[in-house]
Amino acid sequence: MNYFIFLVVACLLTAGTEGKKDGYPVEGDNCAFACFGYDNAYCDKLCKDKKADSGYCYWVHILCYCYGLPDKEPTKTSGRCKPGKK
C-alpha cells in the first residue's frame with residue numbers, strides 16, 4: 001500500500017512539468033547562432049526569446065549557449081550545418 005501511495009504522489013508531482021535542457025540553439029538547418037565579439041547580451045536575449053532561462057557567448061566555439069531551453073526547442077546535433085536547408 002505504501003508503494004502505491006508513493007507512486008501516486010510521484011505521478012502527481014511530475015504531471016504537467018516540461019523538461020528543460022541546455023545546449024546551442026539552432027534553426028532547422030542545424031546551424032547554431034554565432035556571437036562575434038563575445039556578445040553575452042545578444043546571446044542572453046536570443047536564449048530568452050526562445051524561452052530559455054539564460055544564455056551566454058561560449059568563447060571557444062563563438063556560439064550562443066543556452067541554459068534551460070524547452071525540450072521542443074532544437075539544439076545543435078553532431079551533424080554538419082547546412083545553410084539554407086530548413
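Numbering starts at 1 and runs along the chain as it is shown here.
Placement of Cβ uses the backbone N, Cα and C atoms for every residue, glycine included.
If you look up Swiss-Prot, you'll see 1-19 marked as signal peptide, on the strength of sequence analysis.
Feature annotation from Swiss-Prot assigns domain 'LCN-type CS-alpha/beta' to 21-82.
The disulfide bond annotation in Swiss-Prot covers Cys31-Cys81 (among others) and is backed by sequence analysis. Sequence-distant neighbours of Cys81 (disulfide bond) (same chain, six or more apart, CB under 8 Å from its CB) are Asp29, Asn30, Cys31, Ala32, listed in sequence order. DSSP assigns Cys81 (disulfide bond) to coil in the three-state reduction, outside any helix or strand.
Counting only residues at least six positions away in the same chain, the Cβ atoms of Cys35, Tyr38, Asp39, Asn40, Tyr42, Cys43, Leu63, Cys64, Tyr65 sit under 8 Å from the Cβ of Cys57 (disulfide bond). Positions annotated as disulfide bond by Swiss-Prot, on the basis of sequence analysis: Cys35-Cys57 (among others).
Under the DSSP three-state reduction, Cys43 (disulfide bond) is assigned to helix. Residue density at Cys43 (disulfide bond): 25 other Cβ atoms are found within 10 A of its Cβ, drawing on all protein chains shown. For Cys43-Cys64 (among others), the entry in Swiss-Prot reads disulfide bond, with the evidence type sequence analysis.
The disulfide bond annotation in Swiss-Prot covers Cys47-Cys66 (among others) and rests on sequence analysis. In the shown protein chains, 23 other C-beta atoms lie within 10 A of the C-beta of Cys47 (disulfide bond).
Look at Swiss-Prot and you will find Pro83 tagged as proline amide. Long-range Cβ contacts of Pro83 (proline amide) within its own chain (separation 6+, distance under 8 Å): Asp29, Cys31.
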Fewest-neighbour residue among disulfide-bonded residues, criterion Cβ within 10 Å, set Cys35, Cys66: Cys35
Of Cys31, Cys64 (the disulfide-bonded residues), the residue whose Cβ has the fewest other Cβ atoms within 10 Å: Cys31
